[in-house]
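Feature annotations, reproduced from TrEMBL:
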- 134-148: compositional bias 'Basic and acidic residues' (COMPBIAS)
- 134-163: region 'Disordered' (REGION)
- 182-295: domain 'SHSP' (DOMAIN)
Amino acid sequence: MVKVERLIEVNVPVSIVYRELSQFEEFPRFMKGVHSVHQLDDAHLHWRAEKNGKEMEWDAEITEQIPEHCIAWRNTSGPRSEGRVVLEALDPDKTRIFLSMEAEEAPLDQTASEDGFPPQDEGDLARFKKMVESKVRSRGANSDDLHRQASVTQGRTVDADAENALPRNAGQSQAAGEAPLHRRQAWTPPVDIEQHAGQMHIRTDLPGVSKQDVQIEILRDQLIIEGERRAGAGGQQTARHRAECNYGHFYRVITLPAGVDPDSAQASMHDGVLDVSFRMAAAPGTVRRLDIQGG
C-alpha cells in the first residue's frame with residue numbers, strides 16, 4: 001500500500017474550502033487524470049479516470065462528511081483506496097488542508113518515489129489552492145457574498161440530511177428525522193493547552209461524555225478529537241423544555257504546539273475532562289555539557 005500525506009494552506013475561509021471540496025463533480029477541474037465524477041447519491045460516487053494511457057472506472061463511498069471539518073472516503077470497487085481530508089481554520093481567511101490516504105497504487109497526479117511518498121511537484125491540492133483562491137479574488141468585493149453562500153449551502157445540505165436520513169446499517173437504532181453520525185453538524189468542545197514539568201497538556205472539556213464515546217487521532221502535527229455526547233436519560237427519548245447544552249457529534253482539530261513529541265502521547269479522562277499529554281522534545285539551542293572520555 002502507498003501512503004500519502006499532504007499539507008497545504010489556502011487563503012480562503014474554511015466554509016468556502018469545504019463547499020468547493022464537497023462539489024465532487026467539479027473534481028476534474030483540479031485532479032490530474034480524472035475525466036468525470038458522478039454523484040450517485042449523498043454518499044456514493046462513480047469515477048472515470050486515466051493513468052498511463054489506461055482508462056479506469058471505480059465506485060467510492062463517502063464514509064464521513066462533517067461540514068467545515070472533514071471528508072473521508074473509501075473505494076468500493078476498483079483499486080483499494082481510502083483517505084481523509086481534514087480542514088482547520090487558521091484565521092477567518094485562511095484554511096489548512098491535510099490529506100492522508102492509503103492506496104494500492106500511487107495517486108493519479110504523481111509517480112511514486114521509492115519510499116512511496118509523492119515528489120514535491122504541483123499536485124492536486126496545489127491546483128485546488130490556485131483554483132479556489134482565484135475564484136475568491138475574481139469575486140473581489142463580493143467575497144463576503146461567496147462566504148455567505150457557502151454557509152447557506154452547508155445549512156441546506158445538513159437540513160436535507162436530517163430530513164431524509166435513514167440508518168446506514170440494518171438493525172442500527174436511530175430516532176426519526178435524526179441524521180446519521182457521519183452526516184451531522186458537529187459542535188466544538190473548548191480546549192486548554194498548558195505546559196509544565198516538561199509536559200504539554202491539551203485538556204478538552206467533555207461533560208457527560210464517556211471515554212467509550214471519544215476517538216483520538218494524531219495526523220502529522222494535528223490532534224483530532226471526535227465523538228458523541230448522548231442526549232436523554234439513559235439513552236431514552238425525552239421531552240425537552242429547555243436545551244442550552246450541546247449534544248450529538250463533536251469534533252475538534254488542534255495543531256500541536258512546536259516542540260512536542262507526537263509519539264509520546266497519552267490520554268486520560270476524569271470528571272468530564274479529557275487530558276492528552278505529550279513530552280516536550282529538547283528545545284533547539286539547549287546547552288548540554290559533555291564529559292571527555294579516555295585518559
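Glycine residues also receive a Cβ, built from the backbone N, Cα and C atoms like all the rest.
Under DSSP, the residues of the domain 'SHSP' (182-295) split into helix, strand and coil as follows: 8 helix, 50 strand, 56 coil. In this model, the domain 'SHSP' (182-295) carries an average pLDDT of 82.
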